[in-house]
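The structure under discussion appears below in the form of structure tokens.
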């Protein structure tokens, strides 16, 4: 529909310009013939000498043609390119202050974002919403206190693309058998270089990627379920894997990131979220 309005706007600008040129020509011809020109009805007093037409339609051929073209192009545009429905994304809010940053980012990507708290909907209600994507938000708790988040991953992982952010990432690993442990250092608003495999949500992003971390818990690397592959990580001083920062299911459309891509200090966060959408477009 947006294309229709652009076409209409361009045509109307051209119409106005042609209308102006046409009127100026009519006035000039009328005055050269020694007549007087009446602006209200586009009428020249010397119509017997005036070379132009005095009827509105004939004297405004350009205006009429452009108006007709705008209608034709508008109808054709609607017929050829039907309006696309906005894809729906369900944001499961784990009572986190960052949730609406994610909502804003996904909204900017053209999605219809539905926000539901983790204790205000059931699995059946999720199905009734018919989302194209599900995002499990960050939160101040452990996966065990994340409400329906765990159950959504358990029961709907094969039905919907799901992205877990921070707590959502941990919940994803836990559902498949991974353990969540205390990190050696609490990260609160600190940035770290994130190394990655350039796949999934990390495709095409800088490597390493500077990202903001807000967490005290991490996925215990040795217990990461074999269904998942590590797609991102931090490194210790020796250059060895320190903590898992990204996971991707090998067969299902599940991905998780431990850091906060929606933070203003995170590099290419908008692109990372866009990658999730692009990688999981409905067929």
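Cβ atoms are placed via backbone N, Cα and C, with glycine included.
TrEMBL assigns the feature transmembrane segment to one of the listed ranges (5-21, 22-38), namely 5-21. Of the listed segments 63-81, 82-100, TrEMBL assigns transmembrane segment to 63-81.
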